[in-house]
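Asker: There's a structure below that I have some questions on.
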């Protein structure tokens, strides 16, 4: 399959998983080797790898590593022997539903009692990885079709190759729109506190030769007020059955600003991110990370000594603020009734 992106976040080596350490970007390109499920779970928790699809893919490979270790320790009852490793993977990040989807899919392989379990598990993990890339390219096409030539777009966080199996979700739409119709401007907000927009999205777009302008998150409404943005395009970590969408903190504020200024708001997510067992956004668990991530920037404290911090890293955008949900199976523009459910089950 031809590539239109120059970056990959995961590389399966057959006996271990290599992860591009996204905490070190863009200053350093460092790969971390994961030789066990524990290594993989720690990398997910510590945000070496991030982005819902990439987390799911990494977890799938983590199951392969868990199975290999369990078979070496207790070949007669290896499925039971890997239970602790699977629990550790499952608890690594609470909001990204792709993690649980991938682990459930790998568990189905274990439960099927294949003749060659390791080969079957590895094939399943590779399929999850490859299917994600295929889905991203399809979403790129579907989303780009909705964006007129010469439009200005703004994206939030990082939803590109670094967050997925390749190409990206929201950033995949931007890649497709740029190469197909052309865009007047591509803006990325910095995305505090981990600066995924400044560090990762800008890095990906520059590497691909797509001009990008960085803005502070608080500048987004002014950008809309001045008519420079026609679409805000974001990814998702979990989409509820009613269309409510959990994504990186700050997404909800962008959606409210879009509604105030008549700017279109697009969510781009593979079907693996849709949780039909979750009826609405109020049921989505919101991860809160250590306050130090707000109080410090790298190794330097930026907040006054004695100040505390509240650090939720996701918020929920109600479906009524979303103009379109793009998946590899099609698009949803009407979230009433069975809109999302019909797309997935149809």
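Each residue, glycine too, has its Cβ placed from N, Cα and C.
So Swiss-Prot lists the following for this protein:
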{"type": "ACT_SITE", "residues": "237", "note": "active site, proton donor"}
{"type": "BINDING", "residues": "50, 51, 52, 93, 196, 247, 248", "note": "substrate binding site"}
{"type": "SITE", "residues": "157", "note": "site 'Transition state stabilizer'"}
Asker: What are the sequence-distant neighbours of residue 248 (substrate binding site), meaning same chain, six or more residues apart, C-beta distance under 8 angstroms?
Answerer: 156, 157, 191, 196, 234, 235, 237, 313, 314, 315
Asker: Hey, what's the Cβ neighbour count for residue 50 (substrate binding site) at 10 Å?
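Answerer: Step by step: centre on the Cβ of residue 50 (substrate binding site), count other Cβ atoms within 10 Å, giving 26.
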Asker: Report the same-chain neighbours of residue 247 (substrate binding site): residues 6+ apart in sequence with Cβ closer than 8 Å to its Cβ, ordered by sequence.
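Answerer: When sequence neighbours closer than 6 are ignored, residue 247 (substrate binding site) has 156, 157, 234, 235, 236, 237, 267, 314, 315, 317 within Cβ distance under 8 Å.
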Asker: Between the two most separated Cα atoms in 50, 51, 52, 93, 196, 247, 248, the residues recorded as binding substrate, what distance in Å do you get?
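Answerer: Pairwise Cα check on 50, 51, 52, 93, 196, 247, 248 gives a maximum of 17 Å.
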Asker: List, in sequence order, the residues of the same chain other than 50, 51, 52, 93, 196, 247, 248 whose Cβ lies within 8 Å of the centroid of the Cβ atoms of the recorded substrate site.
Answerer: 55, 96, 157, 158, 159, 163, 235, 237, 314
Asker: Using other CB atoms within 10 angstroms as the count, which residue among the binding-site residues 51, 52, 93, 196 scores least?
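Answerer: Taking 51, 52, 93, 196 as the binding-site residues, the minimal 10 Å Cβ count falls on 93.
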Asker: Let me know the DSSP-derived helix, strand or coil state of residue 50 (substrate binding site), please.
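Answerer: DSSP call for residue 50 (substrate binding site): coil, neither helix nor strand.
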